Every structure is written in structure tokens, then in C-alpha cells.
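Colleague: Pulled the feature table from TrEMBL, pasting it below:
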type     : residues       : note
ACT_SITE : Lys33          : active site, proton acceptor
ACT_SITE : Tyr242         : active site, proton acceptor
BINDING  : Arg128, Met290 : substrate binding site
DOMAIN   : 221-343        : domain 'Alanine racemase C-terminal'
MOD_RES  : Lys33          : N6-(pyridoxal phosphate)lysine
Amino acid sequence: MSSGLLTIDLGAVCANWRALDTVTRAETSAVVKADAYGLGMARVARALATAGARTFFVANAEEGAALRQALGPGPAINILSGHMPGDTDMIGDLELVPMLNSVDQMIRHVESLPGHSFGIQLDTGMNRLGMEPSEWSAVREIMLQMNPRLIMSHLACADEPDHPMNQHQLSVFKEMTDGLNTQKSLANTGGILLGREFDFELTRPGIGLYGGHPFDEAQSVVSLDIPVIQCRDLEPGESVGYGNSFIAERPTRIATIAAGYADGILRAISSGATLFANEIGCPLAGRVSMDMIGVDVTKLDEDPKSLRLLGAEQSVDDLADCAETIGYEILTSLGSRYTRRYIGI
Ligand SMILES: *Cc1c(COP(=O)(O)O)cnc(C)c1O
């Protein structure tokens, strides 16, 4: 086999969902947008539905349609981008619930699908999606008469527990929803970890389900093993890969493995990433190319058949640190060429 093997532990995804569900008093939904952060929306969502998740969030109606196909009738599928032009048939036919973000979206929704379920997204300071306080106070009474299913907002700084923005958004959200009986939701993964006053009636974890920061107690979900194509010996002074950026200082054994930036392995990890043969760390050598990476395997007793880039030895967040990015970007960059194996269910 010459493609990398991406192993996704659905048992760990479900355990992470249950662990986050246990800490709150609220219903726990599951955010499965962007193909469940790159791990495969249909497989992940079906596993979570079996574990007890009844409400799902996706980014847009197309993702919602694919999710309905995977889950069948029953579970609530909420659309974060709301009701966009062209979405009406999907929303209507597939029982999707748009989170309406503006008066324009509200008008589009009630004119095209009168009586169809919807939720409302409020902006409490992130300035990305949702109605601002002034817009909301203008339409609040009309919208409430139409029985929204959910009123939600999103935290901008939830992964920084001491950031004053968290308390600020909490108090704005409370003010904007004061006295309402509608189901409310504010917390993503980081929000769940901030404390019980962020619970409301529904939480919306994403990254924590997939083993990422800030849910640092999460079980590891993803491992990535990349086959070795060829090994060779270098004399001191010889170089590896584009730009000669690795130069051997001593006799060195280099393994060339079968994945590169076309598989979502960010080129920015070239300086500093490690690959693992069992538990032994071997430094990446030279630059990540499109389909290949050089690895210094000098310290191994024998040539490895494959090397591991992600797993218990090196988490998604460890690799993100090498590239000065976040675990979310590592996961959602995972390529389509890997052979995917689902375990744990
Ligand atoms: C992506 C997203 C989430 C999930 O956030 P995590 O940080 O991955 O837990 C929740 N709510 C909204 C509105 C989102 O866009």
C-alpha cells in the first residue's frame, strides 16, 4: 500500500461526547461541519447518534442535506449559515433548521417556508454572524411569535478562560434573551469548560469530540501512519529534498515516506516535526514536498515499514504547534488520498 493510513477511533469520539455531556446540565449536541472536522461526517454522526446525540450542527444547507442522508429522519440538523438564497428546497424537503442571522434571512425564511422550524443566531460581540442587539430588539417580538426552536450565540475567546470577553458575551447574551422560554445555546467546547453558567439548555462541542485543545483530557481520535517508499544512506555533506535545506552532518539514513503537502501535511511543519517508529521519534529532514517527506531514521535498528505522524505520541495540537497553527486546521486539512479506517465501534 502506498497511501497513508488514517485511523479514526469512533469509540473515542463517542467517549469524548459522553465526557462533555456529563459535565453539563444541558443537552449536548454535536458540531459536524466541514466533514466532521475532516474525519468523515456520515460515519462520525452515525456513531454519535448511537451514543445519544439528537441535535447536530453543520455550516451550510449542502452539508445538512448530506447529513440527513446519513442519519435519516429524526435528529435535528441545524444550519449555522442560516437560510441563504437557493437553500429553500433543501431546508424544506429535508427538515433542516436554519439559524437565521439577519432580518433579510428571516424574511426569506417566512416568505418561502411559512411555518417551517428555525432558530435565531444573535451577535454578542464576535461580529461574525447573527443579529446585533439593535436589529434584534426591532424584530424580537415578531420572531418570538413564530416560535423559534433555539436562540444561540458564539463565543470568540472561549479557549482563553481568563479572557474578559467570555463574561462580557455571557452578560450580553443574557440581556438579549432575558425572560425568554426558548431553548438557548452559547457554549462550544471551550465554553463548556468555562463553567456551568455557560450551559443554558444546549451545548455545541466540535473540536473536543475530535480530541483537540482545549479539551485536553479528551481521548486521542486520529492516527496517521505513512508508508516508507525507500531508504538510503547519506555521507556527511549530502543534502535532502528541495532547496537542500537538510544537510547531513554525519553518516545518516533517510527514509522517504509517501505523503506530502497535497495530503494536507502543512509545509510549515518542515522545521521541527517528528515522525515515530513505535515510540522512537525520528526528525523530519528537509522540506515537505507535494507527495513525499524525508525522515532521518539513523537511530533505528532497522528500516521501518511506516512512520507515524499523528497519534498518542504526537497529537493534533503538538503538530499544530510545529506549524504555528491550531488543531482545527490540522484536522480539516487531512487529505482525501489516505486510506481511512474506522475503529472502536
Ligand atoms: C464551529 C462552531 C462550534 C464548535 O466549536 P468548537 O470550538 O470546535 O467546539 C460551535 N458553534 C459554532 C457557531 C461554531 O461555528
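Backbone N, Cα and C atoms are what each Cβ position is placed from, and that goes for glycine too.
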Colleague: Count, for each of the recorded positions Lys33, Arg128, the other C-beta atoms lying within 10 angstroms of its own C-beta, and report the residue with the smallest count.
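Modeller: Lowest Cβ count within 10 Å among the recorded positions (Lys33, Arg128) is Arg128.
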Colleague: Where the distance is taken from Cα to Cα, which of the recorded positions Arg128, Tyr242, Met290 turns out closest to Lys33 (active site, proton acceptor)?
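Modeller: The answer is Arg128.
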Colleague: Reported in the order helix, strand, coil, what are the DSSP residue counts of the domain 'Alanine racemase C-terminal' (221-343)?
Modeller: 22 helix, 47 strand, 54 coil
Colleague: Within 10 angstroms of the C-beta of Tyr242 (active site, proton acceptor), what count of other C-beta atoms is obtained when all protein chains are considered?
Modeller: 12
Colleague: For Tyr242 (active site, proton acceptor) and Met290 (substrate binding site), what Cα-Cα distance in Å is obtained after rounding to a whole number?
Modeller: 11
Colleague: Are there residues of the same chain, six or more positions away from Met290 (substrate binding site), whose CB falls under 8 angstroms from its CB, and which are they?
Modeller: Gly260, Tyr261, Ala262
